Amino acid sequence: MFIKILKEYCHECYACVRNCPVSAVKVNEGKVEVIEERCIHCGKCVNLCSQNAREIISEKDLVLKLLTEESNIAVALAPSYAVYNRLWQKEDWFSILKKLGFNNIYEVAWGAELICDKYTEILQKTDKSLISSACPVIVNLINKYYPQLSDNLIEVVSPMRALCRYLKKEKPLEKLVLIGPCQAKKIELKEEENLAAVLTFSELFSIAEQLEIEQEVNNNKQSKVELNFDKKDISNSARSLAIGGELLKKVSDYNDNSLHIEGEKEVIELIEALKDGDIELKFADLLFCKGCIDGFDLKDKNYYVKERNFFNYLKSNSYFNKYNKDIAAQIDLSCQYQNEDISLPEPSEEKLWEILNKTDKYSEEDLLDCGACGYNSCWDKAVAVAQGLAEVNICLPYLLKEKRGELKEIQKVNKNLDLIISSSYDGIMLLDKNGVVEKINTSYLEMLGLNLTEVKGRRITEVEKELELYPLFELKLLENKNKITFVQNHGENQRIILTAKPIKNQAGELEQIIINARDLSEINFNDSKNDLNNQDIPDYIISKSKEMKKILNLAVRVAETESTILITGESGTGKEVIARFIYEKSKKSGDFVKINCAAIPKNLLESELFGYEEGSFSGAKRKGKKGLIENADGGTLFLDEIAELPFSMQAKLLQVIQDHKLSRVGGLEEIEVDFRLITATNRDLKNMVENKEFREDLFYRLNVVPINIAPLRERREDIPALINYYSKQYMQKYQKNIEFNSEARELLYKYNYPGNVRELSNIIERIIITADDNKITKEDLKELLNIEIEENKEITVEQIIPLKEAVAQVEKDILAMLKEDLTTYEIADLLKVNQSTVVRKLKKYFN
């Protein structure tokens, strides 16, 4: 078998059916098979198969065995080796061949020289129209498909066969291995007794790579290798036969009525003309490829680059030797070409219409000739069916029509399902067994803030990571479980509860997963009566900025729920203030119990939190003692600096949160506790979880409703009001009347406050305590506080707008920052304009 079919890789594209020049293939159960007796061995189907479902027989193993077991093995090298690797010189090739173990190296060009002389001799003696026989594919094409022209083939062997016969006479004990670009030689040369095997260039280098010989030669390119070969160099005129048309030039006396034709379509077109008698030629030099430099194993390289490299090779390796004429005179270069007519009977028109009727084709108008089956026309395909080369139902329009009713029903079912899924208030998503999103409804997309193209076809974990959702949904969570339910965080304020249910086949293997999602924020906070606009914010909370108003709005909404809250933010941002605000707005009537996890010594922390029974440890009170958690029963427990809680205590706290029960140190009784839990930290708990410094399960229990307080430098709108608030508070406390001039206020506005609100409060208190004068200036502040403010007067421009609009926008933003906390005179002093100008601008922008 010349070509092996790997059916598991054949995907019914029928590219080989469309492109086989002689239709030497048939379709069997949807898979394409090569019909050996009809194949001309061009190898086209192998080169064009994108799935590598075709393989040409290889004799690599045989060659390896010969080189290992026998010593008298020579190689015949086709001249096109010069273009296989343009970086390799003749000496490099010979080095590889020597290291592989070949005894002698011969060039096939010796055989080319022999047949050229024989061609000239025959053409001088006959008036018959002749066709060259150097290309085995051309010989196969004529013998099998144009047998009426078999007698026109020149009865001379190919160059390779000529070399085999020449060496059989000169070196009768040597066995030859041919190395070249042509796969058809593997079949053609089987008749030559002294030819052991045929390899392509690629197969040779596969062997060299396997034995690590190619790399060895590459590493030693600069060193000269002694080549003890019988390396008789042949003339360049013989080597040049690797280029199309060179054979015709060698018999140039006869090309007045001769043609050189190369290429599949052109060759077949000329042969058709010769068959029909439309053209008469003295000699037709035919090549199925564009010369041997464009053979099967060289198709992937640019032809013109190959041609240029080959001519350069000829220039640098000029020789004019000829074969030994005495030996040549003793060998027979003739051969007989047999008529191998494999033509199939032509079916009748009636039979063809009978076949076409089976695929709903009843008239010429029904013959669409779409080519999807691999044949050029419906008629050609019907002929192939009649001849046993194709299956009748391989017709795309027919298959579509047959399935149309079923497709419509499926579409109807899908439409109804899509309508049900898209109308659901809950989010619904369907994943495949690998976690790739197959389907997702609008409600789920709205929860994620994405569109369909950003989700469908992607692994759900990839989407979750991009959105910073946590915890991630992992397939391993479903192992040995019928379903799982967990809460997932999305951003700072959104919580989504997910239920994932696996769909398994009869073997119990996972096939798909259905996920149902519900937005907890919609469940818990859908009542508009809790909006911040209807709440009284206490005086001690300053909320001029959008950020603080957003936080307070969320705090009001979560206050009436039982959800656990995690407040994060830098030190001094007011985490405890927000915790107390939530407590005041909640329904819990019990105490607000604060525990600073960093302030209690580790060895006392457990007894302080959980309490202890009498005699639990030395120094314990006789009647025992309630813990702080127990004291929070009916109220709110605020655990500040939760990140500092020792790892050993985290598991016990988690148990209390889950079960709402605790046991005192030294006690066995479980005490029920009902409290609202609020925790706070200035550290990145998520990062601590990744670094195994904080329990992951506890983190997710605490992070039900996350609230992040931005640092003061990111909400500067709050600074003027905070200055006024703390100034008034401390002036009353210390019985002083202090005033800041405009430059001093500007300096305080610009300061970044690494310690946030706490630092601002401390600064104001220090100024009021230490000030000698009632008027505080910029210089006083710098001297008192030892602070340097980077004066940045640049205004960020995000888009181009008319200058008048830009000025108005800046004026409005500045006044919006100052109007709530300063009088019009103070604003005028700060902005260095008249008070009347301030009044006029305020009316203009704020009515």
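Keep in mind that glycine also has a Cβ here, set from the backbone N, Cα and C atoms.
Features as listed in TrEMBL:
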DOMAIN    1-29  domain '4Fe-4S ferredoxin-type'
DOMAIN    30-59  domain '4Fe-4S ferredoxin-type'
DOMAIN    351-413  domain '4Fe-4S'
DOMAIN    413-458  domain 'PAS'
DOMAIN    541-769  domain 'Sigma-54 factor interaction'
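A Cβ distance under 8 Å defines the sequence-distant neighbours of the domain '4Fe-4S ferredoxin-type' (30-59), meaning residues of its chain 6+ beyond its ends; these are 1-7, 9-17, 19-24, 136-137, 140-141, 144-145, 183-184, 186-187, 197-199, 203, 264, 288, 296, 299, 342, 374, 389, 391, 394. Long-range neighbours of the domain '4Fe-4S ferredoxin-type' (1-29) within the same chain, counting only residues 6 or more positions beyond its ends whose Cβ lies under 8 Å from a Cβ of the stretch, are 35-36, 38-46, 48-57, 141, 144-145, 186-187, 264, 268, 371-376, 384, 388-391, 394. Over the domain '4Fe-4S ferredoxin-type' (30-59) the predicted model carries a mean pLDDT of 83. The DSSP breakdown of the domain '4Fe-4S ferredoxin-type' (1-29), given as helix, strand and coil counts, is 8 helix, 7 strand, 14 coil.
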